[in-house]
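Feature annotations, reproduced from TrEMBL:
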BINDING   Gly15, Pro16, Met17, Phe18, Ala19, Gly20, Lys21, Ser22, Asp88, Glu89, Ala90, Gln91  ATP binding site
ACT_SITE  Glu89  active site, proton acceptor
BINDING   Cys145, Cys148, Cys188, His191  Zn(2+) binding site
BINDING   Tyr184  substrate binding site
Amino acid sequence: MDDGFGRGRIEVIAGPMFAGKSEELVRRVRRAEIARRGVAVISHELDTRRGTGKVTSHSGLELPSRTAATAAAIPGLLDAGTELVAIDEAQFFGDDLVPVASALADRGLVVVVAGLSVTFDGRPFAPMPELMALAESVDKLTAVCAVCGAEAAFHVRVHDAGPVVDLGDALTPVEAHVGGAESYEARCRRHRG
């Protein structure tokens with residue numbers, strides 16, 4: 001069986017919050033480790049919800065990671081034997097991640113990128129649309145709607161008065177997007193606001 005190592009590629013894991021993106025990233029990293037592949041796990045320094053220096057899924061799976069403040073810093077975090085680069089919370093890196101991921105894949109590395117496909121108000125969340133277009137494989141995951149239990153391709157920001165769907169995500173600093181179950185809920189199309 002051809003595992004694809006040695007031939008670079010980009011794999012994208014996308015979806016709303018609570019869809020299991022980080023869990024799938026952890027699964028792929030663990031498979032590569034079992035196959036004795038050199039792996040580097042990268043997280044953004046802003047993602048401190050469950051501590052620094054690790055990727056943690058909502059289900060509690062975790063992996064140690066190297067943290068980066070920018071996409072440009074990622075290549076400098078890789079060892080000579082790295083074959084797979086796993087990048088969590090891609091949206092924190094912004095559009096600068098696209099040329100970095102492409103360059104790493106062009107060097108022969110497998111680049112697995114997990115991130116939010118949409119903002120809390122349902123708009124495409126950069127850099128995911130461009131990464132999805134350039135990727136050799138894309139897995140778009142869904143969550144479970146917090147209202148009705150249907151497939152949820154969206155998430156909304158919530159507060160005591162209910163969902164917040166009228167604030168422009170593009171005008172909110174990236175730091176304000178860090179949050180979890182206390183700030184967001186998965187929603188289906190019917191219940192997204």
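Glycine too: its Cβ is placed from the backbone N, Cα and C atoms.
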Residue from Cys145, Cys148, Tyr184, His191 whose C-alpha is spatially nearest that of Asp88 (ATP binding site), among the binding-site residues: Tyr184
Listed in sequence order, residues not in Cys145, Cys148, Cys188, His191 with Cβ within 8 Å of the centre of the Zn(2+) site Cβ atoms: Ala146, Val147, Gly149, Ala150, Ala152, Arg187, Arg189, Arg190, Arg192
When distances run from the Cα of Ala90 (ATP binding site) to each of the binding-site residues Cys145, Cys148, Tyr184, the nearest one: Tyr184
Met17 (ATP binding site): nearby binding-site residues from Cys145, Cys148, Tyr184, Cys188, His191, Cα cut-off 10 Å: Tyr184
Candidate with sparsest Cβ neighbourhood (10 Å radius) among Ala19, Cys145, the listed binding-site residues: Cys145
Among Lys21, Cys148, Tyr184, Cys188, His191, which are recorded as binding-site residues, the nearest neighbour of the residue listed as 'active site, proton acceptor' by Cα: Lys21
Fewest Cβ neighbours within 10 Å, where candidates are the binding-site residues Met17, Ala90, Cys148: Cys148
Number of Cβ atoms other than its own within 10 Å, given for Tyr184 (substrate binding site): 21
Residue, out of the recorded positions Asp88, Glu89, whose Cβ gathers the largest set of other Cβ atoms within 10 Å: Asp88
Candidate with the highest Cβ count within 10 Å, taken from the binding-site residues Lys21, His191: Lys21
DSSP three-state assignment (helix, strand or coil) for Gly15 (ATP binding site): strand
Local Cβ density at Cys188 (Zn(2+) binding site) - other Cβ atoms counted within 10 Å: 19
For Gly15 (ATP binding site), nearby residues of its own chain (Cβ under 8 Å, 6 or more apart in sequence): Lys21, Leu116, Ser117, Lys140, Leu141, Thr142, Ala143, Ala153
Distance from Tyr184 (substrate binding site) back to Cys148 (Zn(2+) binding site), taken between C-alpha atoms, in Å: 16
